[in-house]
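Taken from TrEMBL, the feature coiled coil applies to 96-123. If you look up TrEMBL, you'll see 15-84 marked as domain 'HTH merR-type'.
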Amino acid sequence: MNASARTAAGPAPQTLTIGRVAKAAGLGVETIRFYEREGLLPAPSRRRSGYRSYDPGVVVRLQFIRRAKDLGFTLGEIKSLLDLRQDPSATAADVKRQARLKIDDVERRIRSLQEIRDALLHLVTQCRGQGPLSECPIVDAMEHGLRTACDTKGPMP
């Protein structure tokens, strides 16, 4: 077969080693193995040598996973999104529902972090920053679970 015939038919599909996949996706090899164990990636084929052999499309899937993680999705949520991508009956409304649930979760976490910030600000205001640690309200609150003006959840465990 001559070169022009190969070009017209397109190059033969190539498989990638785990190292090349990792580099292309910007992830570590162990991360890819972990995603396989967690069911986020299909099991790769194996070469005669026993090494994993990946379809190039797995790089796109890994980039999807990485970007979804960057948006705060858990691995379980990402698996659900990936499953939706494989479901021919899934619609954009299904993905939008998942995104709205994530927004609700993010807003809850923001409120929780704001409460923590408020409690810390209150403790910092109460601390003179001088004297022995036994008189420091910050240490006292951490050791004894003292309630602060911002703490409505009761004593710390």
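Every residue number used here counts from 1 along the chain in the order it is shown.
Any Cβ shown, glycine's included, is placed from N, Cα and C.
Note on the coiled coil (96-123): mean pLDDT across this stretch is 96. Across the domain 'HTH merR-type' (15-84), DSSP helix (H, G, I), strand (E, B) and coil residues number 41 helix, 6 strand, 23 coil.
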